[in-house]
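Okay, structure first, notes after.
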Amino acid sequence: MAKLSKLQAHLFLVGASIIYGCNFVVSKLAMPDYITPFAFIFLRILGGAILFTLLHAFTVKEKVTDKRDFLRLLLAALFGASFNQLIFYEGLAQTSAINASVIVVSSPIIVLTLSSIFLKEKVTPLKIIGISLGFIGAVLMIGLNGIAFHSGSVQGDIMVLINASLYSVYLIISKPLLAKYHPFTVTKWTFVFAVPFVTAMSWNDITTMNWEGIPLPIWGAISYAIVFTSFLAYLFYAIAMKVVNASTASFYIYFQPMVATVVAILVFDETIKTVQVIAAALIFSGVYLISIKKKPKEKMN
């Protein structure tokens, strides 16, 4: 594919973040009232696998040249399109759209740590301060209902946090693959390998669901999750990561709470609490610090 500019890469990441931000709200229209989380994710992954396979077949038609890369692709599927998704949607069904969107911003601190260890990316003081502020904001959101593990909402919050951790590992795993193969190839195999795992985990829900009882508008929400969240958002991230590093890509997760909060207020009539405002302020302060570029020192005459 043609060389992508950094501006184009960042625009792809913004687009993916908007899609993910809306997904928190759109998915809650369907779950858990009309479809179970596991049945929902089965449709997402299966639909994504079909779309990516068709896209790959009619465009790049690239083959995986090194058989050892199939193991990495399998791991990418487990962390980025299987276990993380099953845990996320189960958690989302138990918590609010706003809570979930803010909690996922904890992943940049995980990505930065893993990137420095495995990808040898440079860690700067401003990056550390920035992601720390975002992490504190996420912890504030988890604590909204008090630390009570019997509470459904807190259990849901923790599951969303686990999803963020798993997705962080996925970003690290996929980066070397994206340096070697076309984004269409990587995303295709990630979803194809995820299908059998998700099918096995979701089989009971798939066979007992009342599919005929799902109204047409809810099928619209499910279609959004398949076409936009599973297909376009993953594709945008894969394309952008040909240019930007894993930690930079993870920082765009910070945009999701803003999108999800606005949409949740409009759709679900959810209210903003003071602690959410504080959490958001911490998050976007972190974004500002992360975006600051260190100026080169002027040479002395």
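Yeah, the Cβs are placed from backbone N, Cα and C, and that goes for glycine too.
Among the features that TrEMBL reports, domain 'EamA' is placed at 9-142 (among others). Taken residue by residue, the domain 'EamA' (9-142) breaks down under DSSP into 107 helix, 0 strand, 27 coil.
Summarising the annotation, TrEMBL assigns domain 'EamA' to 156-291 (among others). Here the domain 'EamA' (156-291) is broken down by DSSP into helix, strand and coil counts: 120 helix, 0 strand, 16 coil.
If you look up TrEMBL, you'll see 7-26 (among others) marked as transmembrane segment.
Among the features that TrEMBL reports, transmembrane segment is placed at 38-58 (among others).
What TrEMBL lists as transmembrane segment is 70-88 (among others).
As annotated by TrEMBL, transmembrane segment applies to 100-119 (among others).
Taken from TrEMBL, the feature transmembrane segment covers 126-148 (among others).
Residues or ranges marked as transmembrane segment in TrEMBL: 154-173 (among others).
Look at TrEMBL and you will find 185-204 (among others) tagged as transmembrane segment.
What TrEMBL records for 216-239 (among others) is transmembrane segment.
Summarising the annotation, TrEMBL assigns transmembrane segment to 251-268 (among others).
Residues annotated as transmembrane segment in TrEMBL: 274-292 (among others).
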Recorded stretch that, among 7-26, 38-58, 70-88, 216-239, has the most CB pairs under 8 Å to the transmembrane segment (185-204): 70-88
Other parts of the chain folded back onto the transmembrane segment (70-88), taken as Cβ under 8 Å at six or more residues beyond its ends: 37-38, 41, 44-45, 48, 64, 100, 159-160, 162-163, 166-167, 169-171, 173-174, 176-177, 186, 189-194, 197-198, 201-202, 234
Whole-number mean of pLDDT values that fall within the domain 'EamA' (9-142): 83
